[in-house]
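> Encoded as structure tokens, here's the structure I'll be asking about.
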Amino acid sequence: MPRLARRIYGIENEYGITCTQRGQRRLSPDEVARYLFRRVVSWGRSSNVFLENGARLYLDVGSHPEYATPECDSLSDLVAHDKAGERILESLAHSAEAKMREEGIRGDVFLLKNNTDSAGNSYGCHENYLTVRVDDLTRLVEVLIPFLVSRQIIAGAGKVLLTSRGPLYAVSQRAEHIWEGVSSATTRSRPIINTRDEPHADAERYRRLHVIVGDSNMSQWATYLKVGAMAIVLRLLEEEVVLRDLTLENPIRAIREIAHDTELERTVRLVNGRELTGLEIQEAYFERAERYHERIGLPADEARALDMWREALKALRANDHEALFGKVDWVTKLTLIEAFRARHQLPLSHPQVSLLDLQYHDISRERGLFARLEAKGRVPRIVDDETIERAVDEPPATTRAALRGRFIRAAKEAHRDYTVDWVHLKLNDQAQRTVMLKDPFASEDERVDRLLTSI
């Protein structure tokens with residue numbers, strides 16, 4: 001399998017939305033979403049827009065605001081742009097509250113970067129990886145599914161789950177809602193890997209791998225590790241490194257088994273009859289990656305992710321949750337919940353515990369539990385506030401997003417009507433001039449320069 005010198009990454013996060021006044025629900029999610037997107041519609045004439053930083057912001061099915069980062073070719077850029085999405089939506093929430101007040105509606109708009117609501121509906125965090133096109137996806141899928149099923153132990157967001165057998169704390173939010181290993185649908189069957197073939201690039205050379213099994217992360221550290229570890233495994237596949245056969249007998253049962261065991265001791269069965277824990281599966285991938293790094297070397301981004309992967313697995317092996325506080329979301333939230341329960345003598349099923357679970361994911365920097373930990377310096381960061389604020393306005397400089405951002409900015413300043421998507425830039429004038437950008441790595445293009453000059 002040929003390899004990529006650079007890789008393109010992107011993350012799409014859907015957000016939960018609600019509006020309450022003194023704890024009571026004030027507006028339906030649909031009504032809140034309309035207020036939230038009023039500012040967007042006023043300048044974009046649509047609730048589906050591309051922004052000057054190259055990202056896409058739109059209202060998804062079920063009144064979920066969704067932010068898709070621009071194309072990033074570094075993990076730290078990706079973290080910055082993922083966090084920029086939170087800032088952009090937080091700003092829209094403030095505008096929505098102000099507009100509601102003008103119309104005599106008092107209420108707080110909550111945007112939650114989580115994956116399930118109180119009614120049991122699930123919404124996603126989708127990761128995108130550019131890969132080299134191969135004719136047969138079988139090998140790719142065989143290797144990736146056990147990795148992704150077990151990756152929740154380092155990247156899960158955690159959740160209090162109320163089941164018929166009583167409450168439990170689950171490692172992953174999405175695990176309950178995944179029904180297939182591989183599928184071309186995202187909502188109906190909720191697979192681990194979505195195979196719908198939309199590369200948003202030269203289809204003869206590239207494929208866009210669409211992973212929909214992951215949780216949304218509050219922790220920058222977890223986002224970096226989640227995507228970084230996946231990038232390393234893709235590199236091993238591209239380099240045709242021999243990997244142990246870890247094919248799971250039943251991936252869907254396995255993902256739930258691993259999710260329901262915070263001690264990480266429960267085993268899952270492989271096709272070859274062996275039984276391994278999720279931690280052992282992750283360690284098997286990590287050991288192969290470490291050997292590759294010692295022999296050949298990983299790029300700096302991935303080498304940093306490898307160090308973080310080692311740190312996470314070592315702490316989980318030692319059951320050292322303190323070492324992962326502020327880094328791994330499910331561990332951080334569980335630590336907060338256990339302390340809260342002990343202080344107030346509350347059962348796991350208590351509504352106050354469920355409320356704390358939600359508050360962890362509130363993107364408001366005033367209210368959000370994780371945000372408050374960050375403000376107190378209790379959380380390690382990959383990027384600082386200045387970098388995030390820059391990402392709110394500016395696209396990554398080294399990918400196609402730079403061209404899209406320049407075009408949008410120029411067209412808006414000149415009050416020109418335009419249409420853009422991931423691949424096309426179009427001026428809606430008599431000439432209907434369109435530029436098609438098939439290379440996601442190209443941040444300069446003479447055709448775009450000419451289009452900008454004509455504006």
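Here the Cβ of each residue, glycine as well, is placed from N, Cα and C on the backbone.
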> Looking at Swiss-Prot, which one out of R56, R416, R433 binds ATP in the same site as T69, W422?
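Site partner of T69, W422 for ATP, according to Swiss-Prot: R56.
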> To which of E12, E102, E103 does Swiss-Prot also attribute binding of Mg(2+) at the site defined by Y58, E66?
E12
> With an 8 Å cut-off on Cβ distance to the E12, Y58, E66 Cβ center, who else from the chain surrounds the Mg(2+) site?
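Apart from the listed residues, the neighbours are N13, E14, R56, L57, D60, H64, P65, Y67, A68.
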> Report, in whole Å, the straight Cα-to-Cα distance of W422 (ATP binding site) from E12 (Mg(2+) binding site).
13
> Tell me, if you would, which residue among E12, D60, E66 (recorded positions) has the fewest other CB atoms within 10 Å in the structure shown?
D60
> CA-CA, which of the binding-site residues E66, T69, W422 lies nearest D60 (active site, proton acceptor)?
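For D60 (active site, proton acceptor), the spatially nearest of the binding-site residues is E66.
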> Translate the DSSP assignment of R56 (ATP binding site) into the three-state scheme.
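Note: R56 (ATP binding site) is in a strand by DSSP.
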> Taking the residues the record says bind ATP (R56, T69, W422), how far apart in Å are the two Cα atoms that sit farthest from each other?
11
> Please compare the binding-site residues Y58, W422 by how many other CB atoms fall within 10 Å of each one's CB, and tell me which has the fewest.
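Checked Y58, W422; of these binding-site residues, fewest Cβ neighbours within 10 Å: Y58.
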